[in-house]
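If you check TrEMBL, you get these features:
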type	residues	note
TRANSMEM	24-46	transmembrane segment
TRANSMEM	211-230	transmembrane segment
TRANSMEM	236-260	transmembrane segment
TRANSMEM	287-308	transmembrane segment
TRANSMEM	346-364	transmembrane segment
TRANSMEM	384-415	transmembrane segment
TRANSMEM	537-558	transmembrane segment
TRANSMEM	564-582	transmembrane segment
Amino acid sequence: MGCCSSTEGERDWKPTENRRYTDIPWLIIFSLFCIGMALICGFAIATGGASRLVSGYDSYGNTCGRNNTNKKIDGVPLSGADMTEKKYVFFLEPCKFDVINRKIKSIALCVSKCPATELKTYRELKEFALSNGSNLCSYELTPTRYESSNERFLKCPKLPVPQSKAVPVFHRCIPMDISCYAEFAQAFITFVGDNTVLRRVIAGVITSKEIIMGLCVLAFVLSLIMTLVIRYISKVLVVILTILVIIGSVGGTGILWWLYADQKYALSNNSTSILWKEVAGDNDKALLVYAIGATIFTVVLLLLMFFLRKHVSLTISLFHVTGKVFTSLPMLFLHPFWTFLSLMMFWVYWIAVLLFLGTSGSPVKNNSTGVVEYQMEGPLQYMVWYHLVGLIWISEFILAFQQMTIAGAVSTYFFTRDKNNLPQFTVVYSSINTLRYHMGTVAKGSFIITLVKIPRIILTYIHTQLKGKENACARCMLKACVCCLYCLEKCLAFLNQNAYTATAINSTNFCSSVCDAFKLLLENAAQVAVINTVGDFVLFMGKVLIVSCTAFAGILALNYQQDYTVWVLPLLISCLFAYLVANCFLSLFENVVDVLFLCYAVDKKHNDGSSGRPYYMDKELMVRRLVECLRVIVIIIPWFSS
């Protein structure tokens, strides 16, 4: 990227001062891209895709509820009809699904009214058509011929015609009894062996909906409490982690050596056969290699834990300060909800435009089925790919905007000496600053993630399509490429987040911020490693605790329902929601910890605690910094005296 190729010297960090615009060219590029997305939506609406999707259309290219006389399609004699009075779409076989293409594989007709009662005979079909003007058979078959024509078996719906819902859904006649969709549902629900189990499970969800809602609220409250109190239990969780690691590594190594000794003793027994001795000899060598490798790993791990033990206290201190940040900036809790709402609104818009595009283009007759399909030809077909890139880039942009806002709010808190005089509505102020000054930086950072994510998605799709067809070498190479791109994406995401923090502090462009953040992280590599390992474990334990408490409460609440297949799904739904909520809150907690660490590194590097350059950091971090300085003095004084 050329981000760190600048020849400028050491940067003089000036937190929250000299706010200026950053990465204006990228803001222009992103704005032009969004205009392109809007033009695609306008094209889909202008070409009739939106009206066809909303109003519905039949299998011959006629839009229901519209006059189509000026839209005659060559080779389709039933096209170009006036459907002004026929506003609803009726499917001859509404339950015939094409699972692969995810659509109803049936002849569609425009009708003036959906059948309000079940029609069991062709006479009833004829009477309904004559009284309501709704021909439920193909257009070329008049109602008077419903009972006599031999074509009725091909051009009329299969009897009995099910009753439709009172209010058509998007101008589509939907059967009142949706049991005919069981085949479509079973294509996705493979674990259900019979409809009885499916009905019992759905009944369990419906009867337990109040309990599910209560458990979801409980998960939300537990996540909120965990975010506030995790600073008090972080030390206990770190101790648990240390004990588990020591027991696991030492115990595993001891078991391997015991198995090796047992195998060695059995091999020395002369009563065994020669063939068994050859096999046992190979196992003996393998166990020896495993035991030696485990011993080396355990020794290195224990040494690392011993020498990095002092950095663990920094993680605990950061957790304490993070709890104070949430207490001082309670509006941080609302930001994930705004982000989620923004993503939902954008995704709904994106799906709607995608559906519009699916019904846009030129009408083409399918010679095999005789029905009309809409296809985008020439350069217009690339609109879908442009739209797909927009899904990824704008989604990443929304997430990056949240990270920049959090970075700005937390850095403002950190670099304010008197925490009691914080600016009012700090989080809102940070959002305004991001909107005003740093949208270009957010656009550039999210675009870099998009560049990595797109090829990973393409390779994953290729691997899925070729599953079982490619050879072992190709499968291994695809998996390796996907894994490498995934790791690269995670590394870039971590670096981007720290770059947003540097931008929020210094108001520098993206490349300069990446370079500055990378240098700081490199100078504090050991502390970064400890924070990201110990911190992630502590947060993982918090997630497990929230899910476990929700599951325990769910078991107590659902215990009176003894049938396992009835309450297992409500419990799973509640646990899944609990994990999502816990992940949302504790991921926010993790973001704040990362921002605080970079601010701490800046403060530690450019200030020394003297009257001329006092620290900005919290008292807990200041005490920890004082302990570090005392350790250095204890080491240096004997060296000078010698």
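Backbone N, Cα and C atoms are what each Cβ position is placed from, and that goes for glycine too.
Same-chain residues lying 6 or more positions outside the transmembrane segment (287-308) and placing a CB less than 8 Å from one of its CB atoms are 242, 245-246, 249-250, 252-253, 256-257, 259-260, 263, 526, 529-530.
Residues 208, 211, 214-215, 218-219, 222-223, 226, 230, 234, 237-238, 240-241, 315, 319, 567, 570-571, 574-575, 578-579, 581-583, 586, 589-590 of the same chain, all 6+ positions outside the transmembrane segment (537-558), place their C-beta atoms under 8 angstroms from a C-beta of that stretch. Between the transmembrane segment (384-415) and the transmembrane segment (24-46) there are at least 3 Cβ pairs closer than 8 Å, counting only pairs 6 or more residues apart in sequence, which means the two stretches are in contact.
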